[in-house]
Amino acid sequence: ATCDGRRRARARRVENTLSRALSVRVRRARARTRRKARESCGAELSADSAATRLWRVTRAMSDSKATSAAAKDKLVWILIYSACSSSMLVINKLAVSSNGLPTVVSGAQLVVSAAVVAVMEAFGAGVLGPFERKRIVPFIVYTCMFAAGLFSNMKALMLTNVGAVIAARCCLPLIVCVIEWAFMGRMFPNTRSIASLIGVVLSASFYITNDTGVSVDGGAGMFWLLTWWLLLAAQMTYGKHLTDNIQMTQWERVFYTNALAIPPTIVLYFVTGENTMEMKDGDGAFFYLVLSCVVGVAISYSGWKCRSVITATTFTLVGVLNKMATITFTIIVWPSDFSVLKTLSLLACVGFGLLYVDAPKRPGHA
């Protein structure tokens, strides 16, 4: 019995030893399996992470190229529009001086610009879409704004001086950027851009102070100046609304704008009494008239194209800078009224304007 008990005890010890050895081996095998699984998972995660980083770098490079291309496109069209706008001011002055009928010059430009688009469509260029109410009515509203703004500008010039009109025009980008922020989903301009707009106003004010000053003939003068200012601000922002929300070609915009502006111009032709006046035949009258029509087509197209790639505030500011740059050019080339202070203030106005940066869209409005 004693021997049997010892054999059983020895058997149990052997069994326990084997069991523990087997358990250790199993645990080690499981540990090796888990370690290999972790290494495999880590390799997969590392590969995923590398792929993710590569995708992000590629996307960043693509976005950078797209941003660079967009910035280049903006600059090109701003320069083209600025060249057309600045030259148009000089050419219009020569054309009106040589024939004496400003409404006739404006009407000829409108007719030729609309006719160019109609001829392109007739020869199969496919620049005009269907004539639909949803496309025509907004441009009728825009044309009414333009006509009302032109009339109020004429009244303002009768009751104020040129200095007051220039001062109001230089302040225009400030209210346009507020309208874009309040109603068009734009963020407020950054500190640099605000400093740019304020610098333009202060530099222009210094120029006006040393030139003609500001003269307003009572409440009527202030009323028409403010009316013109608000109408021009509405026209600038509504024009940007048209390019953003109504899908059509730039040539369609050129056609509708010019064709719909012809009737108000005819009314102005009779209201201003030009129908009773004879056209002067000054030196180069016909040449300057034709040249103004050619540039009129160019400024119509480049103006709408420029509007489509920049904000309403930037477009308004470009118009101000074109005006100030043209005055600077005139003072330098024809120095009958040259002044160092006025020239420096004009150059400072242009310099401050170049610092402006487009305000981006607010999140959710892109």
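Cβ atoms here come from the backbone N, Cα and C positions, even for glycine.
Note that the structure is predicted; figures quoted are calculated from it, not measured.
These come from TrEMBL:
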TRANSMEM  75-96  transmembrane segment
TRANSMEM  108-129  transmembrane segment
TRANSMEM  136-156  transmembrane segment
TRANSMEM  162-183  transmembrane segment
TRANSMEM  190-208  transmembrane segment
TRANSMEM  214-233  transmembrane segment
TRANSMEM  254-273  transmembrane segment
TRANSMEM  285-303  transmembrane segment
TRANSMEM  315-334  transmembrane segment
TRANSMEM  340-357  transmembrane segment
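Tertiary proximity for the transmembrane segment (136-156) is limited to same-chain residues at least six positions away from its ends with a CB under 8 Å from its CB atoms, namely 164-165, 168, 221, 224-225, 227-228, 231-232, 234-235, 238-239, 242, 246, 253, 256-257, 260-261, 264, 268. The transmembrane segment (214-233) is in contact with the transmembrane segment (162-183), judged by 3+ CB-CB distances under 8 Å for residue pairs 6 or more apart in sequence.
The stretches the transmembrane segment (340-357) and the transmembrane segment (190-208) meet in space: the count of Cβ pairs below 8 angstroms, excluding pairs fewer than 6 apart in sequence, reaches at least three. By number of Cβ pairs under 8 Å, the transmembrane segment (108-129) is matched best by 254-273 from the list 75-96, 162-183, 190-208, 254-273, 285-303. Counting residues 6+ beyond its ends, the transmembrane segment (315-334) has Cβ neighbours under 8 Å at 78, 81-82, 85-86, 89-90, 166, 169-170, 172-173, 176, 197, 200, 204, 207, 233, 236, 239-240, 306-307, 342-343, 346-347, 349-350, 353-354, 356 in the same chain.
Most Cβ pairs under 8 Å with the transmembrane segment (162-183) belong to 190-208, among the candidate stretches 75-96, 190-208, 285-303.
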